[in-house]
Amino acid sequence: MAPPSIVRSALSVFFEYDTPRIVHIRSKKVGVINRFLQLAIISYVIGFAIIYKKGYQDFDDVNSAVTTKLKGVALTNLTDQGINGTRVWDVADYVIPPQENNAFFVMTNVIVTPGQQQDTCLESPSVPDGICSAEKPCVPDTPVINGNGVKTGACKPSPRNSSIEVCEIYAWCPVEKDDKPSKPVLLASQNFTVFIKNNIEFGKFGVKRRNLLEDATDSYLQTCNYNSENKSCPIFQLKTIVEMTGQDYETMALQGGVIQILIQWNCNLDYSVEDCVPEYQFRRLDSNDYKLAKGFNFRYAEPYLEDGVKKRTLIKAYGIRFIVTVEGKAGKFNFVPLFLNIGSGLALLSIATIVCDIVVLYFLKARKFFKEKKYLDVKGADAYETLDEGSMKSDSPVVQRKQ
């Protein structure tokens, strides 16, 4: 095709107009396909989009605030850790820090190193960089990598293992103990309880709720505990929480861990607001199957003065960190989303026509016949003609009528 012909063909597009043509096709195959697709689309819109997904409702996500309050005491005897006498642990001792955002930590096991003071002592033989020899001397004023202090330069036999020589360090002495108890020191923490207060709001609908029954009394809160038979009580025993994750409390308390408390508010406000109540789920976020860095622990110190000398008690705390997560949404009837879903469904019905056109025009044996009936080329008196059309018109024979 010559360049002028291409240009005229391109220009002709601007002088054309397409309008749908209705062709009524009587065919069993095409009719069944068309009705099946229409039925499937209508079933999807009504059954899934409108009924199952509640396409007739307007939704709002939950806004939430969570506070926690723990109660419980434990009695321990740490004589085997070099501490004389017994000790009572209350909330101020085992909840560290006292308040967190949407979380709380409970100490379940502890390694205590009492009477530490600034002095020189030998590094622990369990620290690789603290081991020394003639080939590996202790460089003075060099911190021990992953150790407890700074090297003084001396290399001496370890009192724990005389066959090993370790660096002398300047640190809080004696260095931290690394002997973990065989059982959790604070195993009594399994009987501790936590009161989780959760206030939520669905701002779009002006609805406020909390996870406490409206008719609850002080005596009810003092006696109730959450369990499989009483799921409305917001007071949870720690052992119950851990067991609902499928874990054993004593095993988890030994090295610590992380547990998620999930509070779900999924409310249908087309019914009574009183039916809008939370559901609780519990899961462990870490795993007891890890080979390294298992559990959850950290260190803190309790400083004090003794005969004018600054000393401290170093505590390595193992425990369970509980993370409280709140999620949910509320739905209420609204005409706007309903009409939007109905309109989308009507638009989807055109898919059935498109599929049937493809079948008729490309797959049936009589597709040429149907194409002739489907498409009609109509030329007006002022039609824009391309060069090819003009040449074909000029080459056509002229028939004259005899006089």
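Including glycine, each Cβ sits where the backbone N, Cα and C put it.
Automatic prediction, not curation, is the source of TrEMBL annotations.
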Candidates Cys121, Cys224, Cys233 - disulfide partner of Cys173 as recorded in TrEMBL: Cys121
Cysteine from Cys138, Cys224 that TrEMBL links to Cys167 by a disulfide bond: Cys138
Positions whose Cβ lies under 8 angstroms from the transmembrane segment (32-52), at least six residues beyond its ends: 338, 341-342, 344-345, 348-349, 351-353, 355-356, 359
Spatial neighbour of Asn297 (ATP binding site) that is closest, considering only the disulfide-bonded residues Cys121, Cys138, Cys173, Cys224, Cys233 and their CA atoms: Cys173
Nearest of the recorded positions (Lys69, Lys71, Thr193, Cys267, Phe298) to Cys173 (disulfide bond), judged by Cα-Cα distance: Phe298
Cα proximity to Lys316 (ATP binding site), best match among disulfide-bonded residues Cys121, Cys132, Cys155, Cys167, Cys224: Cys121
Neighbour-count leader, CB within 10 A, disulfide-bonded residues: Cys121, Cys132, Cys155, Cys167, Cys267: Cys167
Between Cys233 (disulfide bond) and Thr193 (ATP binding site): CA-CA distance (Å): 12
Longest CA-CA distance among Lys69, Leu70, Lys71, Thr193, Asn297, Phe298, Arg299, Lys316, per record bound to ATP, angstrom: 24
